[in-house]
Amino acid sequence: MSEAISLTFPDGSVRSYPAGTTGREVAESISKSLAKKAVAIALDGTVRDLSETITDGKIEIVTREDGRALELIRHDAAHVMAEAVQELWPGTQVTIGPVIENGFYYDFAKNEPFTPEDLPKIEKRMKEIIQRNKPFTREIWSREKAKEVFAAKGENYKVELVDAIPEGQDLKIYYQGDWFDLCRGPHMASTGQIGTAFKLMKVAGAYWRGDSNNAMLSRIYGTAWATQEELDNYLHVLAEAEKRDHRRLGREMDLFHFQEEGPGVVFWHGKGWRMFQTLTAYMRRRLANTYQEVNAPQVLDKSLWETSGHWGWYQENMFAVKSAHAFTHPDDKEADQRVFALKPMNCPGHVQIFKHGLKSYREMPVRLAEFGNVHRYEASGALHGLMRVRGFTQDDAHVFCTEEQMAAECLRINDLILSVYEDFGFSEIVVKLSTRPEKRVGSDDLWDRAESVMLEVLKTIEEQSGGRIKTGILPGEGAFYGPKFEYTLKDAIGREWQCGTTQVDFNLPERFGAFYIDQNSEKTQPVMIHRAICGSMERFLGILIENFAGHMPLWFAPLQVVVATITSDADDYGREVAEALREAGMAVETDFRNEKINYKVREHSVTKVPVIIVCGRKEAEERTVNIRRLGSQNQTSMSLEEAITSLVDEATPPDVKRKLAAKKQLA
């Protein structure tokens with residue numbers, strides 16, 4: 001070992017330290033206050049314990065305010081939770097406890113599973129352990145010692161974990177006071193640095209190693225943050241998300257349901273299907289005059305999926321089918337035993353449509369769009385309302401173009417995607433370019449050209465938006481068949497949703513032998529661009545329901561108006577009002593029940609009807625209406641004609657309004 005190490009600091013300065021120097025000693029050499037605030041170091045980008053001896057490299061001192069400290073806080077909190085559990089319930093075995101998005105969990109082997117009532121007790125003991133401020137210390141054990149110690153403690157799951165660690169790999173044991181655990185680390189300096197901005201969230205069951213053949217363990221989920229304010233904000237978002245849960249709102253608004261016989265497929269009710277159709281009609285209008293809408297078969301022979309490559313790399317997510325007779329009589333050689341698959345994607349079908357008939361460079365680009373029903377197998381535990389289903393509709397499109405047309409087509413697609421999102425009220429949008437992964441098809445030269453074009457497109461997107469649209473690069477995250485743009489939206493409560501994609505494909509046209517005739521009368525492979533805006537229409541509707549908390553814009557509401565009467569002698573006028581609104585194109589229902597008007601208003605507010613028109617004797621005599629808005633205590637009285645004009649204008653979709661305004665300007 002050399003006598004000195006050389007460390008480069010973030011400001012570019014370089015300092016020498018004796019060999020064997022720890023991260024803590026480096027922090028102390030800068031200032032005592034920094035050493036006090038330090039929780040770890042990052043050496044060449046890798047976070048490490050303060051107590052580790054370090055070597056040459058680029059060093060950063062990580063404090064609690066550093067974003068990288070959050071994972072340490074959560075990791076340490078998981079260890080403290082495990083210690084608290086074993087103090088409260090001796091004999092409980094600890095298994096694994098990773099950091100996850102927004103928190104952590106730990107799985108325990110306990111005779112009686114935890115209940116929600118146990119969580120406050122565990123939290124209280126965790127705070128006591130944190131207050132003890134015991135240092136985290138690390139030891140390296142041999143495999144034999146680790147197995148012997150854990151076996152003596154009755155920690156059979158830890159023994160199994162030790163056996164699974166590859167030979168020759170160090171076994172790290174982290175202590176916090178007398179309590180210890182098998183762990184890769186790193187950890188902060190002491191339990192006191194965790195702070196008290198944590199909360200245990202829920203208990204659940206989990207099979208050991210995720211295998212239903214293994215024992216059921218008891219899992220505790222928690223969350224931890226650097227500050228109480230961050231914790232409070234997170235809990236507020238969770239509470240808001242629960243209120244906005246599209247599954248609950250779907251029931252309350254009578255939009256859809258799921259049932260056992262059709263796991264992961266949606267039963268759309270009348271109102272929900274109207275909303276689905278409104279989205280489809282809107283998207284159709286946006287594609288008119290630009291795309292050819294096509295429809296490819298839902299069931300295709302296995303051979304096509306073998307050619308496309310899906311049968312090889314996507315088979316576990318596909319549904320394969322035979323005729324019912326072939327299924328029940330697999331040995332019947334006279335029966336048609338061909339294997340078909342429900343399409344998981346629309347792209348192979350679109351290549352077949354492009355290939356049908358000779359294409360000239362003069363016809364390029366060819367833009368094909370489909371609202372295609374696709375089916376993908378998802379594990380039952382992964383299904384989640386409209387957000388994760390097995391059968392869904394993609395607003396899919398594929399552009400076949402020349403390499404020279406690629407940039408213009410990507411920009412055209414981008415403009416359409418951003419315009420759609422803005423029509424639905426999303427203003428915070430991030431566009432990221434995913435570049436070549438290690439495993440890929442196509443030459444480096446082809447990737448160089450494609451990425452160069454897409455980088456220029458990304459730059460143009462940011463410039464044209466005046467910086468309003470944020471952009472970024474995701475190195476190595478592209479598909480094996482080409483680079484792609486990913487579009488992420490931020491909703492009303494700050495959650496991010498990845499929706500749209502624009503993906504260049506060098507692979508599929510080659511697999512299917514697609515070509516066009518170029519200017520030199522030569523066969524040339526087209527560039528294929530996959531494009532989705534909503535992605536899954538079902539998921540996008542789920543996002544919209546949660547974003548608006550069910551309070552949909554009038555143009556998109558599944559039921560726009562309820563006409564409710566105060567007394568039966570206003571029913572005839574109520575029918576007239578409802579019919580006039582229907583003739584104007586509004587979605588209207590009536591409520592002439594013998595109930596108090598406030599009861600009716602409350603009931604329809606629960607189902608998120610945007611507009612309730614109240615008609616009584618006075619309104620009937622004066623031919624007026626009383627308008628009540630969802631979420632507002634205000635009431636507006638106006639003539640029936642004014643109400644129809646106002647509501648129809650408000651219920652006009654934004655794209656239609658733009659066209660009407662453009663026509664008006666030309667007149």
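Cβ atoms here come from the backbone N, Cα and C positions, even for glycine.
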Query raised in the report: According to Swiss-Prot, Cys347, His530 bind Zn(2+); which of His384, His398, His604 is also listed for that site?
Result: His398
**Report entry** For the region 'Catalytic' (245-553), mean pLDDT (0 to 100)
**Finding:** 93
Report task. Compute the mean position of the Cβ atoms of Cys347, His398, His530, which form the recorded Zn(2+) site, and then list in sequence order the other residues of that chain whose Cβ is within 8 Å of it. Result -> Met345, Asn346, His350, Val351, Asp396, Ala397, Gln503, Asp505, Leu508, Met528, Ile529, Arg531
Report summary line: In the three-state DSSP scheme, Cys347 (Zn(2+) binding site) belongs to helix
Query raised in the report: Under the DSSP assignment, what numbers of helix, strand and coil residues are found in the domain 'TGS' (1-64)?
Result: 14 helix, 28 strand, 22 coil
